[in-house]
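K.L.:
What follows is a single structure, and I will ask about it in a moment.
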Amino acid sequence: QIQFADQKQEFNKRPTKIGRRSLSRSISQSSTDSYSSAASYTDSSDDETSPRDKQQKNSKGSSDFCVKNIKQAEFGRREIEIAEQEMPALMALRKRAQGEKPLSGAKIVGCTHITAQTAVLMETLGALGAQCRWAACNIYSTLNEVAAALAESGFPVFAWKGESEDDFWWCIDRCVNVEGWQPNMILDDGGDLTHWIYKKYPNMFKKIKGIVEESVTGVHRLYQLSKAGKLCVPAMNVNDSVTKQKFDNLYCCRESILDGLKRTTDMMFGGKQVVVCGYGEVGKGCCAALKAMGSIVYVTEIDPICALQACMDGFRLVKLNEVIRQVDIVITCTGNKNVVTREHLDRMKNSCIVCNMGHSNTEIDVASLRTPELTWERVRSQVDHVIWPDGKRIVLLAEGRLLNLSCSTVPTFVLSITATTQAITYLSVSSIQALALIELYNAPEGRYKQDVYLLPKKMDEYVASLHLPTFDAHLTELTDEQAKYLGLNKNGPFKPNYYR
């Protein structure tokens, strides 16, 4: 999660420009706070003007958006069209349900990674009758050309790659605080949008019917609100659906961890010593990939069940202090805070690579590195060398933010599964019961309390079934006798709601 903005913050106060390499486009506050000559480094195009200072309109004359460059829309459209080919289930849902417009009247405000895959989800929601306004949940993960394509299509999008923290909150506020439009549904990734509305515009919750949250960090924050009796509306926990956990968290990270590390460091994995902090689904995916590449992998874990799984999978379970001096790579996957502290950073070997695969940017104590005795050197996009007085340096990726979506991409097919799960929370499809947010959206008053709800396994199974034709996979069907013997419906669900 990003440090919450001061309530008295004025969004129009931005750093002063200093020529071509302008601090007004600094890619994060940690760059402007750096003590090296690279503090003003920016990693995008030649145009150094902040999107907030530009007057842009799409071809229809609308200016209700803020993106890097609306002229990139054609390139973004091509990326969206490519993504559609790898998102069969979402396209099937769009085709099946668009005639009945089940989202007519829905006003959805979203805060997610703005990628080609998200664009397919947004355009699906729009095709089904919803009005959408969108901001990015990560200052690095926006694809500028995709944001431009969405803006050209008429979606109010406020995001660009390399936002400052001030820009981040400004974009969220522009999505929410607009005259004549108020959201009645929230789609969040990380909880920042929900908390912004809660802190700044609490009266909006009187008309908001529900929240969909898809990240570990955001779900944790929802449960905290619920426990404190401060959750104002029902919320759906998409993160803990099996299809989200297994595909987006495990299989996606198993592939994207290598992609992110390769693009930023050009390293070879064979023989490298790696410590992965956390052996949840993300940690399992990272460990499997690195082990397969010949790395020596250690795991840290607080949960004895996950710890035992790590041992059974052939990994050495350690405390971080035990291996911090010898490892070549440190990867955090916990969603917690201060997992890697300044003490750990001080003890790391020269050229140790430090990165985070959790949604939250609090796992690595990056703030502790902003001291006068340390020098920051930007060596390439999203790669900083932090240099100690004795010449030792660590390689910090994405300034401790989410590695795969900040430094590389994630597999489209995997995001199809997650996006379909999110979309079904809005859709009423004839072959399944009304689920998740469509239920929240249409439910009579009082049916759902102000609490956090898990999605039913029927929905997980439906999402999975939509993707099987891609592999020419054929499900076996139970006979009546077999179904009776197991006590199951022939059409599912086949797993109980508590199954994970």
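Backbone N, Cα and C atoms are what each Cβ position is placed from, and that goes for glycine too.
Annotation comment: TrEMBL describes THR115, ASP189, GLU214, LYS244, ASP248 as substrate binding site. Taken from TrEMBL, the feature NAD(+) binding site applies to GLY280, GLU281, VAL282, GLY283, LYS284, GLY285, GLU301, ASN404. Sequence annotations record features per position, and here TrEMBL assigns compositional bias 'Basic residues' to 14-23. Under the heading compositional bias 'Low complexity', TrEMBL lists 24-43. If you look up TrEMBL, you'll see 249-410 marked as domain 'S-adenosyl-L-homocysteine hydrolase NAD binding'. Here TrEMBL flags 1-63 as region 'Disordered'.
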K.L.:
Round to a whole number and give the Cα-to-Cα distance in Å for the pair GLY285 (NAD(+) binding site) and THR115 (substrate binding site).
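P.N.:
Approximately 22 Å lies between the Cα of GLY285 (NAD(+) binding site) and that of THR115 (substrate binding site).
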K.L.:
State, in Å as a whole number, the widest CA to CA span among the NAD(+)-binding residues GLY280, GLU281, VAL282, GLY283, LYS284, GLY285, GLU301, ASN404 given in the record.
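P.N.:
Max Cα-Cα spread across the NAD(+) binders: 22 Å.
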K.L.:
Which is it, of GLU214, GLU301: the one of these binding-site residues whose Cβ has the most other Cβ atoms within 10 Å?
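P.N.:
When each Cβ's neighbours within 10 Å are tallied, GLU214 tops the list.
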K.L.:
Sort the binding-site residues THR115, ASP189, GLU214 by C-alpha distance from ASN404 (NAD(+) binding site) and give me just the closest.
P.N.:
THR115
K.L.:
What residue among the binding-site residues GLY280, GLY283, GLY285 has the most other CB atoms lying within 10 A of its CB?
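P.N.:
By the 10 Å Cβ neighbour count, GLY283 comes out on top.
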K.L.:
Within the domain 'S-adenosyl-L-homocysteine hydrolase NAD binding' (249-410) only, compute the mean pLDDT.
P.N.:
92
K.L.:
If you draw a 10 Å sphere around the Cβ of GLU281 (NAD(+) binding site), how many other Cβ atoms fall inside it, taking every protein chain shown into account?
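P.N.:
Taking every protein chain into account, the count is 24.
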K.L.:
Measure from the CA atom of VAL282 (NAD(+) binding site) to the CA atom of GLU214 (substrate binding site) and give the result in Å, rounded to a whole number.
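P.N.:
About 14 Å separates the two Cα atoms.
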